[in-house]
Amino acid sequence: MTLLTARDIREIAADMGLRPTKQKGQNFVIDPNTVRSIVTSAALGDHSSVVEIGPGLGSLTLGLLEAGHQVTAVEIDEVLAARLPATVAKYQTPAIGRRTEPGAEAANFEIVNADALKVTKLPSEPDALVANLPYNVAVPVLLRFLEIFPSLKSVLVMVQLEVAERLAAAPGSRTYGVPSVKAQWYGDVTLAGRIGKNVFWPAPNIDSGLVHIGVNRRHRDPDARRRLFGLVDAAFAQRRKTLRAALSSWAGSPQQAEELLLAADIDPKTRGEALGVADFERLAATGVAESGASTVRQDAAASTAFATPEYAPDSTPEYAPDSTPTQESPQS
């Protein structure tokens, strides 16, 4: 398999009449060594079934195929989706020392022309997600795929460095928040590396980071997830307030919030940023145990106070990668 170089990327773009723009978030990876490093960092098992989101011109797609994995690429852009199979077919020359039947890479590749935020099913159940996520919807897409595809065992995604640090942040840190808790509920989240601007064309104005998630929750209860995520949203909706005050609507009143916090062995004067995933789980379970299954605590995620769609970015820094009106989204 031959990977795309800077010259290849520019030639493909020119042949398509494509002029990358910041408005469309088009920044393509042009360095084969970076691609191979990403694939190595993913630490996939042999012949993994990988879903890639936002393949762009195919740099990472080819790297995953070179490593022998089955790839399903989800691309929202019709023009890019139509071109990618031809790119895979053209560059499918087997690596030196590896015997590959003609067309093997193409047989291991499928393209899905769809919005990743609306995907509900793929041609095959993925066991890994490896992608350079569109930066303006990175967190919503990541959380959606973790929920929709319980077959996922591992994740390695490239996102804006600031978001990568948020996802991997520990309780008590300045960057710890809603994305941190929700991602860490699914598994162990680590910052797996930094990617500089110079490996993209055109070069973005921001650095990127790799985030690895070792998914460790094989049997997840959707109701428990909704209760927990509703609680997390409530705890961070007013970040500077104590949990007694921040959770008053969730619990029914400040007094009820205090009683539940004490029952869960949590200081009512603490703030949401001090709680780890296990603390939030214990508090959510206490709420259910104290009140039964049909109170405001169970339905908090659906209340008008927290009506922002779980996967849609909102105006708060918990979800928005940055405050600039134009999001740059490096693509493969």
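Start at 1 and count along the chain as shown; that gives each residue its number.
Note: Cβ is positioned from N, Cα and C throughout, glycine not excepted.
Binding site for S-adenosyl-L-methionine per TrEMBL: Asn27, Val29, Gly54, Asp115, Asn132, plus Glu75 from the candidate set Glu75, Glu78, Glu162, Glu165. Between the binding-site residues Glu75, Asp115, Glu75 has the most other Cβ atoms inside 10 Å of its own Cβ, all protein chains included.
In this view, the densest Cβ surroundings among the binding-site residues Asn27, Asn132 belong to Asn132, judged by other Cβ atoms lying within 10 Å. For the recorded site, Gly54 (S-adenosyl-L-methionine binding site), the DSSP three-state label reads coil. Glu75 (S-adenosyl-L-methionine binding site) carries a strand DSSP state (E or B). In the predicted model, the domain 'Ribosomal RNA adenine methylase transferase N-terminal' (34-217) has a mean pLDDT of 93.
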